[in-house]
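Data block below; observations after.
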Amino acid sequence: MAYTNKVTISAAVATMMLFLAVTIVDAQSMPPMPKFNPVCALADLPNIVQLCYFNLDLTPSEECCNDLKSSSTIQVNCLCDNFIAHPSNGNISQARYDLVNSACGVADKFACKGGDASGGSTNKIAASMVLLGLVASLFF
């Protein structure tokens, strides 16, 4: 009669049952995460958003307006794609964006309507190449 280790077999069966249970059970559906452009991680967005839009003053500060006026094309595209065109990403209303942008005189610069305007049309292939270059520079 062959010797079988019951502990090993029972551990293997328990592990198999655990994996089957995980695959059979339906996962809770999570709300879709916004697609974040990797180039936007390099743009200094948190400071601009915090300084200008999370502040509840009726008139934006001079520093806020200067930051908005001197923001680069990448920053404008990232703000349009991730915050202004989708206000639910930052829990800031569209009226707040409009108020701050109008008060600072940059309403035309930040005029993006859900991605159909010219703002926010970042080239995805170029962004992925930049990310690939950054990752490759870490290894070589």
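In case you wondered, yes, glycine gets a Cβ from its N, Cα and C as well.
According to Swiss-Prot, the feature signal peptide maps to 1-27.
What Swiss-Prot lists as disulfide bond is CYS40-CYS80 (among others), and the listing cites similarity to another entry.
Here Swiss-Prot flags CYS52-CYS64 (among others) as disulfide bond, drawing on similarity to another entry. If you take the C-beta of CYS64 (disulfide bond) and look for same-chain residues 6 or more apart in sequence within under 8 angstroms, you find ILE48, LEU51, CYS52, ASN55, VAL100, CYS104.
Residues or ranges marked as disulfide bond in Swiss-Prot (evidence: similarity to another entry): CYS65-CYS104 (among others).
According to Swiss-Prot, the disulfide bond annotation covers CYS78-CYS112 (among others), on the basis of similarity to another entry. Of all Cβ atoms in the shown protein chains, 21 besides its own fall within 10 Å of the Cβ of CYS112 (disulfide bond).
Annotation source Swiss-Prot lists N-linked glycosylation site at ASN91, citing sequence analysis. Around ASN91 (N-linked glycosylation site), a 10 Å sphere centred on its CB holds 9 further CB atoms from the protein chains shown. ASN91 (N-linked glycosylation site) falls outside any helix or strand according to DSSP and counts as coil.
The GPI-anchor amidated glycine annotation in Swiss-Prot covers GLY115.
Calculated from their C-alpha atoms, the gap between ASN91 (N-linked glycosylation site) and CYS78 (disulfide bond) amounts to 16 Å. Using a 10 Å Cβ-Cβ cutoff, CYS78 (disulfide bond) registers 26 neighbours.
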